[in-house]
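As given in TrEMBL:
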BINDING   A:ASP102, A:LEU103, A:THR104, A:ARG132, A:GLN146, A:ASP150, A:ARG294, A:TYR298, A:TYR299  L-histidine binding site
DOMAIN    A:1-373  domain 'Aminoacyl-transfer RNA synthetases class-II family profile'
2 protein chains.
Amino acid sequence: MAQKPSIPKGTRDFTPAEMARRNYIFDTIRSVFHLFGFQQIETPAMENLSTLMGKYGEEGDKLLFKILNSGDFLRGVDPGLIASGDCPKLAPKLCEKGLRYDLTVPFARFVVMHRNDLSFPFKRFQIQPVWRADRPQKGRYREFYQCDADVVGSDSLLNEIELIQMIDEVFARLGIRTTIKLNNRKVLAGIAELVGEPEKIVDITVAIDKIDKIGLENVKAELSERGLSAEAIDRITPIITLSGTNEERLSQLSQLLADSETGLKGVAELREVMEGSKTLGLRSELELDVCLARGLNYYTGTIIEVKARDVEIGSITGGGRYDNLTGVFGLPGVSGVGISFGADRIYDVLNTLNLYPEDIAGAAKVMFTNFGPAEAAKSLEIIKQLRANGISAEIYPDNAKMKKQMGRADALGIPFVAIIGESELADGYVTLKNMTSGEQNRMSVEELIKALA
Amino acid sequence: MAQKPSIPKGTRDFTPAEMARRNYIFDTIRSVFHLFGFQQIETPAMENLSTLMGKYGEEGDKLLFKILNSGDFLRGVDPGLIASGDCPKLAPKLCEKGLRYDLTVPFARFVVMHRNDLSFPFKRFQIQPVWRADRPQKGRYREFYQCDADVVGSDSLLNEIELIQMIDEVFARLGIRTTIKLNNRKVLAGIAELVGEPEKIVDITVAIDKIDKIGLENVKAELSERGLSAEAIDRITPIITLSGTNEERLSQLSQLLADSETGLKGVAELREVMEGSKTLGLRSELELDVCLARGLNYYTGTIIEVKARDVEIGSITGGGRYDNLTGVFGLPGVSGVGISFGADRIYDVLNTLNLYPEDIAGAAKVMFTNFGPAEAAKSLEIIKQLRANGISAEIYPDNAKMKKQMGRADALGIPFVAIIGESELADGYVTLKNMTSGEQNRMSVEELIKALA
């Protein structure tokens, strides 16, 4: 029975043209990770649900894809629970495993399990897909890649400086002009402390994080709704509307946060990271953004976010410093700092700006036409020499009409077609056609290798 | 609550050292695929169960990992069925999606869905994990990578010749000595025809496929058990005990199969592929093996299997020609030929023979020690220059004890350590230590770049 095939919603196939573009991004990121001494790991797609559950909040638990146990999955499950139809309670009884939701929790689990084999500080990168049972929409997928780099086991701010250099190098190589925004959780804590509402740090940051979108007046209104006094709001206002150079902002900020030890520590950390980055030089803009919050409950120090300057799109990279990555798995005291490149958004930015190099198509450099067995045999012999010289080459496998054969080279973006016909077979020469210019030249095999190398 | 973490049985973490080795294999295979004009695709990990079910036999259906539907997964499921506890019947009601079991069925689905965007013959490769709920055992995992290359939409035997060249190139690059065994389904059909039992082709091939393991007499006994007459077994015996060169075997085979048109067609195909391969030259041994069967119900022409000559292990690559790849998805008449590299077994072979190059560790080439902020700042400046010259470099992020810092370089296999201490800071020189020889030299930054490039 013939089926009309489809794929699950929110998932994607990648065609050769798309793969070539994606590989260009991943290869660029991977090269830079290696250049900075980060080492790759991989973890299984499936994790035990006990590893994943409770790590992403109640909403996150619902978004985990769960794997039905094999075989007799109802055995031992309370019949009353089955009859009750209580799916959230029943699911963990039917499923022991789930698909990973991000790379951070599996990484934490990895660090704990392999801690005796790892050398700390441990600098790892990981490029793998993750799965979320989110409602699919434009730009949001149920399967997508994450590209994470983290340093664990070191409190040094040199790590932040290195990660910022790494971000700068990746986007310079990709040709994307970026602004790297920095903040520090301690500055946010300092603000909350300053207005006498340290326990309201989440309320405050959720509100001020929206200033770019909704404007100052609406932020003030929201702060008021969230229970802040007029006086508190007045004290916050100059902080969230800092202006001038980064140096000017830092010096204003240290005055405004003078009464908060935590706040001043945050300012000092920001200053060290920003000055270190400036000394080394960056092609990206670096911007102190006191309103930047990103996953606040997770980060404990530096917060990093990267925006593309020439395309309106959300952040294309983010990260920060966290304490106690592995505490939940029984290994306290492991802190770290990391970043995550958003491959899908970077892909969109490169597409929008048409920034791909010309030669990433991934097809062969030259296709030999096929005029029959003798010509094909000669072609294969020459192709073997080309490949030995590192030139990707192929032959049209069938003796089809010339139009069809040339059509394939066109469709795949193969830049050259080599022709061995009767006369070439006789004299040992090859006719090489440049598919862009249409120019044709007869040449020896040695000349062919030079022309294509 | 701290949990002692673990991973699902049959799955694996890959540490940096393991990843470096695996990447060496995958990168080698990928480079050769590109050299031969194959283009990469990727498909989602999750497929609709309707795509997967019924494609791998009854046993295969049981080995599919199924994804529990999100939310209220019991809604609309017949309460009687739930109460019945009939898990095999219930599972497809609770799950719409499953994890891919191989790359072939998703590829067939891909070809059908994208047929209007593809240029045929379509030469694709795909390197992705697959999942099987098999009982884990040594060398058998529940998640493992497949590396497949296929040409679809061409009947030409040039494709077989090219695939054999590709296999030869991959194993030459990896340094593994191999025997490439060839057979043809039509020869097997010819044998069955010859003894007047065309419908017994599976019985015959299952039996003769075991000749290397159980020997001729046991094969004969099994053929007899499977209902073949003594006369039939007598006719089969000289075929499955062919000896001599491939040419001699081919000529004996065409005499022995002279009465079977199908069989002779198979011999002619084998001859064309073997002669074409011989003309181009192979570093692997090529061997006609009439007993080779491999997934018989799938292949319709050429059958290929590769064995390592220096390690006792199952086949490390296999493949063949198939008709009607996409018929089950409503697109008849698409034939193809493909091969699949067994990455895990290749990994075991390389480990056994210790064939990895020295420089694949994946750690930085040089680590700078850290004696404090001023030395670190100077180091970062030099590191930036090294990286601009393509040299992977890192700094120990903390001002830790020298023994600890050097220990990290040792543990990671970083071949050089650069030292900027007080005196180097003063004179602008760097001390470079070769971690293998223990030799130390002071040099300028320019000399350092030359020494590490």
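Note: Cβ is positioned from N, Cα and C throughout, glycine not excepted.
Shown on the structure are the features that TrEMBL records.
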residue: A:ASP102; record: L-histidine binding site; CB count, 10 Å: 17
residue: A:THR104; record: L-histidine binding site; CB count, 10 Å: 22
residue: A:GLN146; record: L-histidine binding site; CB count, 10 Å: 18
residue: A:ARG294; record: L-histidine binding site; CB count, 10 Å: 18
residue: A:TYR299; record: L-histidine binding site; CB count, 10 Å: 22
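Mean pLDDT, taken over the domain 'Aminoacyl-transfer RNA synthetases class-II family profile' (A:1-373), works out to 94 on the 0 to 100 scale. Among the record's L-histidine binders, A:ASP102, A:LEU103, A:THR104, A:ARG132, A:GLN146, A:ASP150, A:ARG294, A:TYR298, A:TYR299, no two C-alpha atoms are more than 22 Å apart, and one pair sits at exactly that spread. In this structure, A:ASP102 (L-histidine binding site) belongs to neither helix nor strand by DSSP; it is coil.
Under the DSSP three-state reduction, A:ARG294 (L-histidine binding site) is assigned to coil, being neither helix nor strand. A:GLN146 (L-histidine binding site) falls within a strand when secondary structure is assigned with DSSP. Classification of A:TYR299 (L-histidine binding site) by DSSP places it in coil, neither helical nor stranded.
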